[in-house]
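Pulled from TrEMBL:
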type	residues	note
TRANSMEM	43-65	transmembrane segment
TRANSMEM	77-95	transmembrane segment
TRANSMEM	101-117	transmembrane segment
TRANSMEM	124-152	transmembrane segment
TRANSMEM	164-184	transmembrane segment
TRANSMEM	236-256	transmembrane segment
TRANSMEM	268-289	transmembrane segment
TRANSMEM	324-344	transmembrane segment
TRANSMEM	356-373	transmembrane segment
Amino acid sequence: MFGWFGPDGYWATHWARDYSSGFVRRGLLGTLIQLPGGDPSDYAVIAIFSWVIALALMVVIADALWRLTRPLARWQAATILVIALLSPVTSGMLIETLGDPIQLIVLVYVLLARHLLAGRRIGVITAVFAAFGLTMSLIHEAAVFFVLPALFIQALMLRKGRGAWMAFAACFISSAGGVAVLLLTNEAEPVTSNPVLHLGDVTYIYPLQFDSFTNLLRDELIRMFASGIGGYMETIARLGGAAALPVFLALLLITFRHGLSRPWSGRQLAVMAAFILPALAIMPLLLVAHDWGRFFAYTFIISMLAMADTAGEETAAPGRTVMLSFLGSGLLLAGLTTTDQLTLYRMDGLRMQPHLMMVSFAILLMARLMVMFSERRSGEQHNASSDIQDTGLVDIIPPGDGISYRAQAGRSGRQRNTAP
C-alpha cells in the first residue's frame, strides 16, 4: 500500500477510526492516538507501529518457545523452534495481518499477565484489568474471545491465585459492558464514513463498508446452514483447514513437554485444557466472522504464551518413534505451508489451497499412525515384561551389597557379582 511493505488498507483503517464524528465501532484506537497530538491517519506512523508490535510479538513467541523447550536436548529445542516460527500460525499470521489491532491487544495482555498476575496487590490487578477489558472491547470487540478464556484458564488451572480470579472477573465485567454498548449502537456504516488515510499528499479510502453484526451473522448462517449439503461440507472443510496446524503445534508442545503417558496426569489435562477451552470459546465468533484461520492462530498463540508463563521444570520426553514422527511431520508441514502458494491463510487456513490441505492431512495421518504403532509396541513390551514377572523370571538387587539374585521358574540359584 502506498508502495510500502506495510498493513493492508483494511487493517490500517482501524488505526484511523475515531470518535470525532460520534461513537463508532472500533473507534477508540484512533482517539487514543489523537490525545498526545498524533495523526492516526498517517500511514507512515501506522506502518511503523504495526511493525514494532508484530516484531515484539515474534520476540515474545520465540522467548515462550525457548522457555518451553529449554529442558529438551538442544537439537530437539532448535527443531521445534524452527517448526513453530515458520508456521503460518505464528510469524506468517503476524505478517499477513500486519496492523491488526488484536496484535496490540494480545501483546499488552501478555505483558500484563506476565508481570501482574503473579503479584499480591489485588487492588492494582483488579483496576488494571478492568481498564484493560473496557479498552480492548472498544478497540476490537473480537479480542474478548481470546483474552477472557486465557484469563479464565490462568485462574482455574495454571496460576490458581486470587489475583488471577480478580483479574478475570474485572476484565469480564468491564469488557461485557463495552460489548453491550457496541451491540446496542452498531449498524452498517457506508464507505463514505471510512477515514481518509494519507502518506504525504497521497490519500486512500478503504472501499468496503464496516458491516453490522446483524448482517454478518445473517451472511454466515446462510453460508453454513442454508446452502444445502455443500454448505455443511464447506463448513467442515473451513473448520478443519483453520484448526489443523494450531492443533498439531499444540500437541507437539504438549507431547515434548509432558509426554503421552496413560492415564493422563493432572498437569497434562491442565495444559490440554489451556488449548481446548479457548478454542471452544471462539466458536460463537465464527458465526459473525469469515477469517477463521486468523482466530484459531491467535487462540494458539495466546494459549501457548500462557503455558510458557506457568510451566515448571518437569518434563516427560516421548519415545524415539513418537519424537521422530512429530518432528519429521512438523518440518514437512513447515516447509509446505510457508510457500507462496498458501495465500490468505487468515481466511480459512489450509483450505485456501485444497491440494496443499490434502497433502498436509496425509502427513498428519501418517504421524498419527506412527504414534499409534509406537504406543501399541510399548504396550506389548509392557505386557511381555509383566508376563516374565508372573512366571517367576525376576532380578532382585538388594541395595548396596552388589549381589544379584536370579530366580527362574522351576529352579533357583545364586550368582555373585562383584561391585565396582
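Cβ atoms here come from the backbone N, Cα and C positions, even for glycine.
The stretch from 43-65, 77-95, 236-256, 324-344, 356-373 that makes the most Cβ contacts under 8 Å with the transmembrane segment (101-117) is 43-65. The list of residues near the transmembrane segment (164-184) in space but at least 6 beyond its ends in sequence, with Cβ under 8 angstroms from a Cβ of it, reads 23, 25, 113, 116-117, 122, 125-134, 136-138, 141, 144, 147-148, 151-152, 154-155, 158, 213. Counted as Cβ pairs under 8 Å, contacts with the transmembrane segment (77-95) are highest for 324-344 among 43-65, 236-256, 324-344. Residues of the same chain lying 6 or more positions beyond the ends of the transmembrane segment (236-256) and with a Cβ under 8 Å from any Cβ of it are 68-69, 72, 76, 80, 83-84, 87-89, 268, 271-272, 275, 279, 286, 292-293, 295-297, 299-300, 303-304, 307, 315, 317-318, 322-323, 326, 329-330, 333, 337, 348-352, 354, 357, 360-361, 364.
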